[in-house]
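Here's what Swiss-Prot has on this protein:
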ZN_FING   4-52  zinc finger
BINDING   Cys10, Cys15, Cys33, His36  Zn(2+) 1 binding site
ZN_FING   94-142  zinc finger
BINDING   Cys100, Cys105, Cys123, His126  Zn(2+) 3 binding site
BINDING   Cys115, Cys118, His132, Cys134  Zn(2+) 4 binding site
REGION    141-151  region 'VCP/p97-interacting motif (VIM)'
REGION    152-184  region 'Disordered'
COMPBIAS  155-179  compositional bias 'Low complexity'
DOMAIN    197-216  domain 'UIM 1'
DOMAIN    221-240  domain 'UIM 2'
Amino acid sequence: MEFPDLGAHCSEPSCQRLDFLPLKCDACSGIFCADHVAYAQHHCGSAYQKDIQVPVCPLCNVPVPVARGEPPDRAVGEHIDRDCRSDPAQQKRKIFTNKCERSGCRQREMMKLTCDRCGRNFCIKHRHPLDHECSGEGHQTSRAGLAAISRAQGLASTSTAPSPSRTLPSSSSPSRATPQLPTRTASPVIALQNGLSEDEALQRALELSLAEAKPQVLSSQEEDDLALAQALSASEAEYQQQQAQSRSLKPSNCSLC
């Protein structure tokens with residue numbers, strides 16, 4: 001007695017057997033019998049989706065877990081940068097010691113990249129204030145600007161210092177003493193920069209630095225070029241002297257009849 005509605009036929013074209021306990025392929029969702037349910041037996045076209053391999057670190061030979069869809073090379077590289085226990089990886093981590101302080105970033109750099117606003121250290125990708133959502137309030141003056149301001153402050157103090165000859169004698173009688181008028185204090189920024197803006201103060205400081213700069217010492221290449229030029233000029237002078245001596249010692253062929 002047959003039960004045509006019970007079970008299912010195998011999807012393999014060469015089999016087509018009615019199986020009362022059919023099996024479903026988890027890759028292609030086909031129905032197969034127990035003999036053809038394997039990927040290789042029915043030549044499954046979606047078997048590559050189930051071919052999951054775990055990469056192994058080439059330095060410490062430890063399996064590295066990889067998320068689905070993530071390139072294995074990237075996972076192995078991050079493992080070498082963070083968790084690898086081999087000597088080359090640990091030596092590399094000693095060089096890259098400056099960790100990015102942005103939340104979620106584990107990148108390390110050889111040198112510090114400090115934000116001018118918040119003062120924290122970041123990697124190359126998050127060094128700009130917009131990239132790491134900088135919490136620093138306002139715009140701080142740069143180091144060059146601070147140097148220019150201090151230079152301008154020194155110039156202002158020297159230019160505004162009163163000379164001894166211009167000091168007025170104090171009155172002898174207290175009745176003639178005039179009350180001092182209250183002086184208005186300038187804002188700290190204007191007094192610090194002598195009435196100049198930050199850019200003007202920076203330009204003034206750069207001009208003074210260039211004016212006070214000492215003559216640069218010649219490099220080794222320039223010294224070699226100078227010595228070669230002097231040797232050539234000395235050789236040329238010696239050659240001309242020899243030519244002049246040879247002309248003076250050469251006998252004349254002219255004869256007077």
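Glycine too: its Cβ is placed from the backbone N, Cα and C atoms.
Same-chain neighbours of the Zn(2+) 3 site beyond Cys100, Cys105, Cys123, His126, judged by a C-beta within 8 angstroms of the site's C-beta center, are, in sequence order, Glu101, Arg102, Gln107, Phe122, Ile124, Lys125, Arg127, His132. Cys123 (Zn(2+) 3 binding site) sits 10 Å from His132 (Zn(2+) 4 binding site), taking the CA atoms of both as reference points. The Cβ centroid of Cys10, Cys15, Cys33, His36 marks the Zn(2+) 1 site; residues of that chain outside this set whose Cβ lies within 8 Å of it are Ser11, Glu12, Gln16, Arg17, Asp19, Phe32, Ala34, Asp35, Val37, His42, given in sequence order.
If you compare Cα positions, Cys105 (Zn(2+) 3 binding site) sits closest to His132 out of the binding-site residues Cys10, Cys15, Cys115, His132. Summary for the binding-site residues Cys33, Cys118, Cys134: the Cβ-based neighbour count within 10 Å is maximal at Cys33. If you check the binding-site residues Cys100, Cys115, Cys118, His126, His132, Cys134 against His36 (Zn(2+) 1 binding site), none has a Cα inside 10 Å of its Cα.
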